[in-house]
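For reference, the structure discussed in these notes is given below.
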Amino acid sequence: MSQRYRGRFAPSPTGPLHLGSLVTALASWLDARAHGGDWLVRIEDIDYPRCVRDADNDILRTLDALGLHPDEPPVWQSRREGLYAEALRQLDAAGYLYPCGCTRKEIADSLVHVRERHQTLGYPGTCRNGLHGKLPRAWRVRVPDGPAATICFDDRWQGRQCQNLETELGDFVLRRADGLWAYQLAVVVDDAAQGITHIVRGADLLDSTPRQIHLEHLLGLPTPDYLHVPVVVNAVGEKLSKQSGAQALDASAPLDALRTAGTHLGIVNQETTVAAWLATATGQWLERLRAVQDLRGTPPSSAATGRLGA
């Protein structure tokens, strides 16, 4: 891409920053700094019931203590709902949306093989051609049929990734039955509005990426480069998260936290101050990426493919 690098860290304020989220924050910060780019912070707080009071400010204070300073003031998704409404209107006007009256139980009952990915049940298309007497609950976006349903992209860490949206997922929700905006729509709209060129995040979001690329295509938005770092897991192999009991970072020991997070990314140095550690780690980052890409045969930048359905 010819434009200036712009990256971001986009935490959900469901609790304090922990090691797993720090690994993602650090990776995105290092990638931005190593490329001479800008690094932004966006608070993804549209799922109001899951948000914890003042967790957003706690996250920002912790990032500041760790020396991870954004280049622009943070933004909050809850203050940007007009952008999501306009994107939904645009998709609806183009004929890509339809109302859905199905409950999660009805969807599960209609599937022969129930499959759940990130708490999203595969959708069999029950309401694609009409509500059949049901009341509208949510808004879904159509996915392409046939060969066009396969979306592929080259991830700078994980390598080539492909997903068939039709067979693996189905038409997916953009506005939920409770009136809240779906993550997939909000993140695509915000990344475009903020001019994000490179997305660095955890590998647990790998299978969200084809959905986001599909939405980027439908909305006529640019597709960023993607890099998904391995997630940190606990002693039983579960992703380290607030839900799995991850401990809050100790902001009074920032160097220890950075060293631990760096180790998970393959970044190790012996610097004794936060500023010096981050400066050295920035130089090490591109070497680490080259080593990963050489091992996986991954190209240095990603290219997304996939055609729009008729």
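Please read every residue number as a count from 1 along the shown chain.
Cβ coordinates are placed from backbone N, Cα and C, and glycine is handled just like the others.
Worth saying up front: this structure is predicted, and the values here are computed from it rather than measured.
Residues or ranges marked as L-glutamate binding site in Swiss-Prot (evidence: sequence analysis): Arg8, Phe9, Ala10, Pro11, Ser12, Glu44, Tyr183, Arg201. Positions annotated as motif ''HIGH' region' by Swiss-Prot: 11-21. Taken from Swiss-Prot, the feature Zn(2+) binding site applies to Cys100, Cys102, Tyr123, Cys127. Per Swiss-Prot, motif ''KMSKS' region' is recorded for 239-243. What Swiss-Prot records for Lys242 is ATP binding site, and it gives sequence analysis as the kind of evidence.
What Swiss-Prot annotates, mapped onto the structure for a quick look.
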residue: Arg8; record: L-glutamate binding site; Cβ contacts under 8 Å, 6 or more apart: Ser28, Trp39, Leu40, Val41, Arg42, Asp191, Gln194, Ile196, Ile199
residue: Phe9; record: L-glutamate binding site; Cβ contacts under 8 Å, 6 or more apart: Thr24, Ala25, Ser28, Trp29, Trp39, Leu40, Val41, Arg42, Leu63, Leu68, Pro70
residue: Ala10; record: L-glutamate binding site; Cβ contacts under 8 Å, 6 or more apart: Val41, Arg42, Ile43, Glu44, Val187, Asp190, Arg201
residue: Pro11; record: L-glutamate binding site; Cβ contacts under 8 Å, 6 or more apart: Leu17, Ser21, Ala25, Val41, Ile43, Glu44, Ile59
residue: Ser12; record: L-glutamate binding site; Cβ contacts under 8 Å, 6 or more apart: Ile43, Glu44, Asp45, Asp47, Arg50, Cys51
residue: Cys102; record: Zn(2+) binding site; Cβ contacts under 8 Å, 6 or more apart: Tyr123, Thr126, Cys127, Lys134, Arg137
residue: Tyr183; record: L-glutamate binding site; Cβ contacts under 8 Å, 6 or more apart: Glu44, Ile46, Asp47, Ser208
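The sparsest Cβ neighbourhood within 10 Å, among the listed binding-site residues (Cys100, Cys127), is found at Cys127. Within 8 Å of the Cβ centroid of the L-glutamate site, not counting the listed residues Arg8, Phe9, Ala10, Pro11, Ser12, Glu44, Tyr183, Arg201, the chain contributes Arg42, Ile43, Val187.
A coil conformation is recorded for Tyr123 (Zn(2+) binding site) in the three-state DSSP classification, outside any helix or strand.
A strand conformation is recorded for Arg201 (L-glutamate binding site) in the three-state DSSP classification. The Cβ of Arg201 (L-glutamate binding site) has 23 other Cβ atoms within 10 Å, all protein chains considered.
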